[in-house]
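A.B. asks: Features from TrEMBL:
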type: SIGNAL; residues: 1-19; note: signal peptide
type: DOMAIN; residues: 5-324; note: domain 'FAD dependent oxidoreductase'
type: BINDING; residues: T43, S44, V166, T183; note: FAD binding site
type: BINDING; residues: Y223, R278; note: D-dopa binding site
Amino acid sequence: MAAPKVAVVGAGVIGLSTALCIAETCPSCSVMVLSDQFSPNTTSDVAAGMLIPHTYPGTPIHVQKQWFKETFTYLFAISNSAEASEAGIHLVSGWQVFKNTPKEELPFWSDVVLGFRPMSEAELQKFPQHRFGQAFTTLKCDCPPYLLWLEKRLKATGVQMYTRKVADLWELHSEYNIVVNCTGIGAHQLVGDEKLFPVRGQVLKVHAPWVKNFIRDGDGLTYIYPGIHRVTLGGTREKESWSLSPDPGATKGIFDRCCSLEPSLRGAQDIKVKVGLRPSRQCVRLQREVLSQGGVKLPVVHNYGHGAGGFSVHRGTAKEAARLVGECIAALQGSSSRAKL
């Protein structure tokens with residue numbers, strides 16, 4: 001058969017990295033990215049981009065660990081290259097602190113990040129409200145530059161990008177051999193996934209260049225993540241809220257909570273408020289499906305539903321999605337050679 005044409009729908013971090021993995025692993029493919037929104041207007045642009053995994057109750061831990069490890073290894077190599085600054089990737093050290101000692105003192109990802117250890121008594125004195133903590137070094141992605149870097153890599157690999165609103169995956173069947181669905185919260189409407197729901201996240205992006213260490217409350221609700229140019233302060237987790245309008249009450253709450261962890265933030269300048277809808281479900285939907293109408297078949301690979309943890313596992317899930325696309329191509333080639341017999 002001729003070079004298979006693959007459409008990746010969605011241009012957030014999952015869509016772009018999936019398209020890149022497909023182009024890298026299936027060089028004979030012709031890959032297009034279709035999306036109604038590109039950076040800086042995606043949900044990924046709002047994300048803090050810290051590599052601290054979120055846990056998916058419906059996915060085996062060893063699988064989640066593999067996704068995280070692959071993502072960490074990939075970004076660590078970029079952070080060690082001349083492209084680190086352009087890609088917006090850097091190492092950041094800091095603390096995760098708890099009011100009470102957690103049941104799991106060693107999270108499943110503790111040996112993937114660098115230098116993971118319990119905090120000393122002296123360190124804990126910085127956080128008088130907290131009784132236990134973990135210190136480690138991880139990676140931080142400044143999301144808008146990283147998305148632009150991925151787009152640049154895609155163009156260099158020959159992948160084309162088109163602004164297009166896809167209302168139904170089936171509308172692509174006459175133009176493409178395989179469709180990859182990376183539409184995040186858009187999959188709720190696009191494929192009618194009732195298991196997918198928004199978790200509204202509001203964050204503040206502030207100018208506070210003296211803040212060099214990340215601080216994360218163990219409940220995951222309050223966090224301070226220093227980027228290259230701005231510090232991300234968070235956050236909120238509002239299930240089933242579809243509102244993209246900033247909530248002034250939430251802004252004040254986030255700022256006050258973060259200042260209680262890091263009082264010097266009272267001097268932060270130029271506060272910008274951002275809102276995004278995390279595409280959440282019990283587990284990431286990462287699977288093959290064949291749509292068929294009137295005897296015509298369209299292979300689809302789904303890769304969405306990463307919730308709060310997309311950046312931490314994006315490269316790992318993209319590699320898996322690319323492997324599934326490879327299976328679809330093998331199946332198509334098998335059926336085309338059988339048709340010739």
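Positions of Cβ are set from backbone N, Cα and C atoms, glycine also.
Keep in mind that TrEMBL annotations are predicted by a computer and have not been checked by a curator.
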A.B. asks: Taking Cα-Cα distance, which of the binding-site residues T43, V166, T183 are within 10 Å of R278 (D-dopa binding site)?
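C.D. replies: So the list is T43.
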A.B. asks: Need one number: mean pLDDT over the domain 'FAD dependent oxidoreductase' (5-324).
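C.D. replies: Mean pLDDT, the domain 'FAD dependent oxidoreductase' (5-324): 96.
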A.B. asks: Let's check the environment of T183 (FAD binding site): how many other CB atoms sit within 10 Å of its CB?
C.D. replies: 29
A.B. asks: Determine the C-alpha span of the FAD site listed in the record, that is the greatest distance between any two of T43, S44, V166, T183, in Å to the nearest whole number.
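C.D. replies: Answer in Å: the longest Cα-Cα distance is 19.
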A.B. asks: Out of T43, S44, V166, T183, give those binding-site residues positioned within 10 angstroms of Y223 (D-dopa binding site), comparing C-alpha atoms, in sequence order.
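C.D. replies: Matched binding-site residues: none.
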A.B. asks: Please identify which of T43, S44 has the densest Cβ environment, defined as other Cβ atoms within 10 Å, among these binding-site residues.
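C.D. replies: Answer returned by the neighbour count: S44.
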